[in-house]
Amino acid sequence: MPSISMMSDAITPETLKKEKKMKSETLDSDDTVVKKEKSSSKKKEKSSSSGKKDKEEKEKKKKRKAVDLDDSSDKSDNSSELVQADDLKPKKAKVMEEAVVEAEDPNSLSNFRISKPLKDVLISKGIKALFPIQAMTFDNVIDGCDLVGRARTGQGKTLAFVLPIVESLVNGRTKDLRRSGHGRLPSVLVLLPTRELATQVLADFQVYGGAVGLTACSVYGGAPFHSQISSLTRGVDIVVGTPGRVKDLLEKGVLKLGSLLFRVLDEADEMLKMGFVDDVELILGKVDHVSKVQTLLFSATLPSWVKQISTRFLKSAKKTVDLVSDQKMKASISVRHIVIPCSASARPDLIPDIIRCYGSGGRSIIFTETKESASQLAGLLTGARPLHGDIQQTQREVTLKGFRTGKFMTLVATNVAARGLDINDVQLIIQCEPPRDVEDYIHRSGRTGRAGNTGVAVMLYDPKRSSVTKIERESGVKFEHLSAPQPVDVAKAVGIEAAAAILQISDSVIPAFKDAAEELLSTSGLSAVDILSKALAKAAGYSDIKERSLLTGMEGYVTLLLDAGRPFYGQSFAYTVLKRFLPATKADSIMGVALTADKSGAVFDVPVDDLETFLVGAENAAGVNLDVVKALPPLEEKVQISRRFGGGGRGGRGGGYGGRGGGYGGGGYGGGGGYGGRGGGYGRR
């Protein structure tokens with residue numbers, strides 16, 4: 001089958017710039033003709049000196065895209081000359097500068113057929129220029145072309161169809177075709193994979209469509225039928241929904257597509273992954289007058305099913321706008337990608353420190369692989385809320401609203417939110433383990449660094465079961481390999497914040513605490529600096545600071561590197577070497593053994609209390625070096641195999657991470673499921 005780009009006119013950023021440049025040159029040419037005509041009439045009424053001045057002013061007008069700088073109150077009775085640039089007020093000069101900047105940006109709103117009401121809404125939201133995917137698709141949609149649009153996640157694909165569809169319905173070619181009045185059939189149908197995404201796309205249609213008198217509703221499972229049926233019965237212009245509920249409403253005869261002008265498939269690749277293939281094909285096939293319907297397909301990736309859909313249901317003259325193409329880099333380039341080794345049991349203690357180090361005080365989303373682990377982890381983290389498919393839709397909407405408004409700053413979610421969330425100011429993404437599919441990593445990490453912002457994506461991984469290299473290779477990202485934040489480093493950062501907070505306290509408290517402070521200073525035997533350090537620690541919530549493993553992130557452990565002067569071909573060799581100079585019980589107590597990438601040694605964790613025993617023992621062993629690791633060396637990765645999920649699925653009968661016969665096998669991530677202890681996935685065996 002030929003590729004989409006071969007069957008249609010592919011559009012690139014370079015061709016768009018050329019078109020914009022040609023349009024700009026044409027406008028300049030037209031302006032010159034008009035200006036010459038005006039200049040001719042003026043010359044008949046002016047002296048030679050004023051004619052010279054008019055000629056100079058005409059050149060300045062041309063450079064400024066004919067921005068009208070006249071001020072009628074400043075004109076003389078017998079002159080129509082423009083005010084000279086030297087006489088401009090600062091306010092006018094600023095307007096002139098902004099106009100020049102706007103003219104230089106090919107994606108400026110002024111370069112597109114956007115009506116004033118919509119332009120006003122965009123400007124009110126701080127949008128003065130379209131994103132590349134929006135700019136490159138706008139004219140095609142307005143002109144009635146079927147279209148396939150592909151861009152990296154977080155690059156504004158939603159507005160790429162919302163804006164031109166709304167403009168077309170009220171001012172464009174479909175204006176006279178759109179139905180009106182009570183009970184009208186919808187003109188637009190948007191299909192997408194999740195309820196969360198439906199809610200957000202609806203919100204965009206309500207903002208932009210509402211500004212020009214259009215109405216919209218969303219239909220999805222988990223919400224009552226009667227309210228959705230009521231909306232459709234009253235009549236709407238735009239319907240946004242998930243395939244399952246749209247199919248149900250079509251079969252009930254409540255949703256009718258007889259007046260459809262636009263059909264949109266948003267996140268088409270995700271609908272494939274979620275098993276909506278049959279439903280999507282059935283819905284698309286329900287449209288009879290296909291020649292009158294414009295079809296738009298947007299996707300971050302183009303798997304074979306998406307290509308087949310575009311061939312079957314889009315017109316042969318369709319356009320393709322591909323901002324990814326064959327580029328290797330598919331993950332967001334505005335995101336800092338970090339990987340940190342961490343065992344499952346260490347996550348609840350480590351994640352808060354990761355948020356402190358990389359969250360910058362903003363919103364954070366934590367992704368887990370199961371619903372159970374999302375709920376359990378949210379319960380262990382202060383100020384966090386879970387979001388997954390088992391939560392009632394009304395509660396999910398309340399949760400999302402609270403997250404957007406800053407009522408709480410940490411969301412723990414399953415993949416249900418990976419494509420559905422479109423919140424521009426998420427600062428940090430944490431993935432508790434490498435996802436099974438590389439595309440999942442791309443979409444999860446793409447929840448930050450959106451709409452021109454930057455962000456951080458941290459992925460935790462077990463060094464013994466890692467697919468980091470595979471994700472790095474296939475997504476095109478370059479991971480920063482970092483160790484778990486050490487409690488002492490986190491405490492230093494928190495201490496700076498606590499010190500700044502102390503300076504904000506009113507001096508009125510000093511008399512009340514001064515006597516106690518002086519007594520403490522005179523009797524404690526500590527210096528003033530030491531006492532103040534302890535006070536800052538208390539204010540920051542610290543009573544002590546523990547060591548943390550660089551290998552697994554577990555508190556109370558330290559990571560060692562073993563070098564025996566010969567290659568390590570298996571983990572068992574590390575135990576053999578250790579038993580030469582340590583009691584068997586001590587050797588067997590080590591945790592998280594992993595070989596270095598060059599097989600020259602092995603790293604593992606030991607309890608802090610046993611550190612001295614290990615180091616002294618190694619000093620008395622010939623040909624053995626044992627050192628405390630300051631930074632992890634590159635480690636050997638082991639490919640994960642599909643049967644790792646055992647007979648119990650992702651957690652087996654025990655649930656969570658691990659489980660009897662499931663999870664990572666026999667409680668590999670701990671016991672019988674859940675978080676902690678013998679019954680918890682985040683507990684040790």
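Numbers here mean position along the shown chain, with the first residue as 1.
Cβ atoms are placed via backbone N, Cα and C, with glycine included.
Here the structure is a predicted model, which means the values were calculated and not measured.
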Exercise. Of 150-153, 266-269, 478-481, 530-533, which range does Swiss-Prot call motif 'DEAD box'?
Worked result: 266-269
Exercise. Which of these ranges is annotated motif 'Q motif' in Swiss-Prot: 107-135, 281-309, 339-367, 600-628?
Worked result: 107-135
Seminar exercise, completed: DSSP puts the residues of the domain 'Helicase C-terminal' (349-491) at 60 helix, 28 strand, 55 coil
Problem set entry | Contacting positions for the motif 'DEAD box' (266-269) when only residues 6+ beyond its ends and CB under 8 Å are counted | 157-158, 161, 190-193, 197, 201, 280, 297-303, 306, 309, 419, 439
For this session: Note the Cβ centroid of ALA151, ARG152, THR153, GLY154, GLN155, GLY156, LYS157, THR158, the recorded ATP site, then list each other residue of that chain whose Cβ lies within 8 Å of it, in sequence.
Result: PHE131, ILE133, ALA300, GLY446, ARG450
Seminar exercise, completed: Per the Cβ filter (under 8 Å) with a sequence gap of at least 6 from its ends, the motif 'Q motif' (107-135) is approached by 13, 16, 20, 23, 142, 149, 151, 155-157, 159-160, 163, 166-167, 170-172, 207-208, 211-212, 321, 323, 451
For this session: List the same-chain residues at least 6 positions away in sequence whose Cβ sits under 8 Å from the Cβ of THR153 (ATP binding site), in sequence order, or say none.
Result: ALA300, SER332, ILE442, HIS443, GLY446
For this session: Give the number of CB atoms, excluding that of GLY154 (ATP binding site) itself, located within 10 Å of its CB.
Result: 26
Exercise. If you draw a 10 Å sphere around the Cβ of GLY156 (ATP binding site), how many other Cβ atoms fall inside it, taking every protein chain shown into account?
Worked result: 20
Exercise. Within 10 angstroms of the C-beta of GLN155 (ATP binding site), what count of other C-beta atoms is obtained when all protein chains are considered?
Worked result: 22
Problem set entry | For the binding-site residues ARG152, LYS157, the one whose C-beta sees the most other C-beta atoms within 10 angstroms | LYS157
